[in-house]
Structures are given as structure tokens and as C-alpha cells.
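> Got a structure here, written out as C-alpha cells. Questions coming.
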């Protein structure tokens, strides 16, 4: 027992805390074990979540709600002030020069709720205010006339038991001002318009503002003599004063008054009412509860974001909020969107569409925001400096790339997106080279043959525009039609590359996507309709007429003849052996008019015409 009692007396090592803090600061500067990146005015600060949460109530609450955020952008705080607060957090040293810089750091510390930094600033202000008052009292006696209780302007103070009287200084330029009853209101308006309230500090609890205090002072001033005269003997010239229509403006300054807005629950004070109002939300007992997972949030915006992200399928959003909104569902990954613009941008990940082009290097992008970021760093653009090589740095792992394509492919590793889609076996890949390797190994496709083919319903192309076409299945060939791409092989038929605006129309999914054969897969639709059959033919009708009409007639004729050459004799003979009543009527009509048409062209045109009448036309 005696041995145990002797071991209870341990020696303390106060330097241990400083050593731990110094090592954490070294790790921050060397970017080791940092798990959060803070963006302030475009500048990135690396830090540790645990250290920030220990020094700031703001970060403590934020990291509780958002635990997986690698990047956090902070608005309303200057870069200079945040750098001082980060240095204070890791070194316990606050090195500030000037009152303006100290004021910015004070506001940032209040916003981030860093109490220790606020205490350090209060100590600094007390040390600097005492010698400052002694030095300025003797110098300003000849220039400024202080207003005492016996004069017309009465000295006022905020309602507080322990606060000292507020000293109001009136600065007047050369000359004499006579204030009469008729002109006192105009003088009050000009004085209130030019007043400068430098510091508002108060120890008591009050919701009154500085403007209310000035109004009270003005009312007591009006209770004095109706006509007063201030001679130039009472004060010296002041260059700060401005003359408006022959009347010198009197500027009132409230010096070193403490914060007006005071929280009675935690004894904190704020200069701005907005910060005070946001702070009071932390004491509110009202919370927003998720009815599905019982998670609670202090702010309504965080609650709504939680519902939209995690419980949209379960009906997390109320019926009132969903009224009038149309849900857009991606047919590739089943992701849901409320806004069609977001849905349209998401589809470009699957289609590979890049409508935004850089005018300098002609590189294309899927989003306009990405193009703007690219323009600021484009080597030949406005944002680049001469003689400097363009580099792209990853903010997550600090990897550097010379080309935008390499940087973009690298970002997929962090986001986890798989934008490259194999339409043959419905597999997704992160990198484009992975998709090309898969096509070569699994499907033996090394190169895609792309040909444009347009077929007409009738043979006289000069009089009728091309509005429909028929494609006969051929293994390993891709037919690219105007605004429509059809890929055909022995296993399936895939229709791709269609304008995504039509995907919002429910008729597309109802009338075209259902009831298709299992071996036929339709990915997109474009200004028209599609009919698929069990046989070896795929009919695509009612294509974009304006795009087809832009082609020369000679090109349309050549494409027509080229496509007819690909027809196999078996299909042609099968169509000739199985004519229907409509075919017989058409033959009699053409014989009467003396038209001579090839059998293959005629049977194919008739087949297309029958298919056109079987489906309604999408608008």
C-alpha cells in the first residue's frame, strides 16, 4: 500500500502541450495527415478537423453534420483574417498590425465562434487603448470642442450600470454656423447622413441601435436654445468637414462603445444584428426532424438537403413541396433530378456530348462552368501569363498534370463516376482507355466504321424531301443518320446519340421504350419515332427533316444507291415472295402511271410506308 501511495505523486510537464501543438503545426505546413481543405477567397488552407473543432464552435457543429466533406468553402471571411486565425489555432500567437486588420480578425473570430481568439483580441485592445487616450487628449484640445452636460448637446451613454459615459465629439470647420428653427431639420438630416460610427461596444444588454441613440441626442439638442452660434474661436479648422450648399456638415462620432447585441444565454455580444440572429439559432429548441431516419437538424436548409439526397425515393419531400415539380430519372443509372437543367448536364456524362468549346485551343467541355474555369487557365487565353506553362493541380491529392484531359481523367478516381458506357454488355468504366480495351478484348471491336446513309420513301428525290429510312441489319456496322446513330450487330440493335431534350417527354418512355423485343435496345430518341420488328429489319422513320433537306440532292441519291447495294438477296427475295394487298394496289397504280421502279427499292419503300402508318408521330 505504501508503494502505491508513493507512485501517486507524478511530475507535470507543461512543455508537453506546446510540443504537441508544434508538431501539429509542422504536419499542417507539410500537408501530412490533413483531412480538410478550407477555401477562403480562392485560397486553400490545409488543416486537421480535430484541431479546428477543438478551437471553434462553428467547425465543431459543422463537422458533426457534414463528416465526409473534403473541401469546405467559407464565405464572409477575408483571406488575411482567416490566415491569422489558423496561425493562432496552431501556434497560440496572434500577430496583427493596425486597427483595420484587428477589426477584420475580430469579425472573423466572431463568425467562426473562436472564443480564445476573441479573448486575445480583447487583451490587445485594452493594452493599446490606455496609452492612446493619454496621447490624444492633449493634442486635440485645440482642434476639438468636447460637449459637456451644460451645453446644448447632451452627453449620452447606452443603458448600462457599469458603462462609462460616451464621449461625442463634434468636428466643425472654419466659419460660423447659425442654426434656426426653420433650418434645424435639414441640418439634422445632413448630419445623420454623414455620421460615422466607428466602434459600438457595450457591456449591458440592449437591443437599441446607434441610430436610435443619435436620434435621442438630436431631440435633446432641440430642447435647448432655438438659435445658437458657434464661432471659429471655439475650434480650429478641420479638413474632414464637407460643405454642401454653403452649410458645413457636423459629423458625430461614437468612440469605443462596446457591442450592442448581447446574448443573455451565453454572455456573448455582437456588433451586427445578422451575426446575433444567426447565433440565437444555436440556442433555439426548435429542430427539424426527418420522419424516416429520425435525424434532427437545427436549420431547415440542412433538413431539406438531407431529404432530397437520401429519402427522395421514400417520399421524404412533402407533397406540398413536390407539387408542380417533375422528376426526371436517368435511364442509365436511375438517378433522379428535380430540375431539367441538372438532368441534362448529367446525361452528358453518359452520351459524351460536349457543346461548349474553347475559342483558344478548341477543346470542348460538357459544362459551361468547366469552360469558364478552363479559360482562366488556358495557356493561350487571357488568364495565362507569357512564358509560363499551364499546370493543373488536384486539390485532393496535390497531383499535377500538364494537360486538361489527364487532369479530368484523374478526377474520376476521387469522384467515383463511371461515364464510359459499353452499349453491348451494359458495363461502365472510369477511363476511356478501359472501355476501348474492353471492346477489343470482349467484343473484338478495334475500330468503329461510321457511315452516313439516308434513304427516301420515293425514288424521285427532287420533288419530295427525305423524311424516313429503312436500315437492313448488318453485323459489325454502324449507321449514322441525321441526329440519330444506329449500331447493329448479331446480338442486339442500339439506337444512340439523340437530343436529350426529348427525354423529358413521358411519351417517349411510354410509347417507344416498352414492348420492344428483348434483343433490341433503344437508348435515345430524336424528333421522330422508332419501330422494331422480330425479323432482320429495323425501321427508323420521321427523322429531322431540316437536317436532311440541307444535304444536296446528289448526296441523297448516292446514299440511297449505296444503301440499296447492301441488301442481301435473301431479304429481297423474301419481300418479293410475300407481297400484301397494299403492295398489289401500289403496283397497279405505278403501272398505270408508267413508273419503272426496281423491285428492291419498291418493296423496301412499301415496307417503310406501312411501318409509318402503324405508329403516331411524336411532336
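From the backbone N, Cα and C atoms, a Cβ is placed for every residue, glycine too.
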> Which residue among 231, 241, 600, 614 does Swiss-Prot mark as phosphoserine?
231
> If you look at how Swiss-Prot annotates this chain, which of 204-227, 420-443, 444-467, 468-491 comes out as zinc finger?
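That would be 420-443, the stretch labelled zinc finger in Swiss-Prot.
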> Look up zinc finger in Swiss-Prot and report which of 146-168, 169-191, 261-283 it refers to.
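In Swiss-Prot, residues 261-283 carry the label zinc finger.
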> Under 8 Å between C-beta atoms and at least six residues away from its ends: which parts of the chain pack against the zinc finger (392-414)?
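Distant contacts of the zinc finger (392-414): 31, 37, 44, 70-71, 363, 374, 377, 430-432.
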> What average pLDDT does the predicted model assign to the domain 'BTB' (34-98)?
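Average per-residue pLDDT within the domain 'BTB' (34-98): 86.
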> Kindly report the helix/strand/coil residue split of the zinc finger (328-350) according to DSSP, in that order.
11 helix, 4 strand, 8 coil
> Mind tallying the zinc finger (420-443) by DSSP state, helix then strand then coil?
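Residue counts in helix, strand and coil order: 11 helix, 6 strand, 7 coil.
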> Using DSSP, how many residues of the zinc finger (288-311) fall into helix, strand and coil, respectively?
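Across the zinc finger (288-311), the residues distribute as 11 helix, 4 strand, 9 coil.
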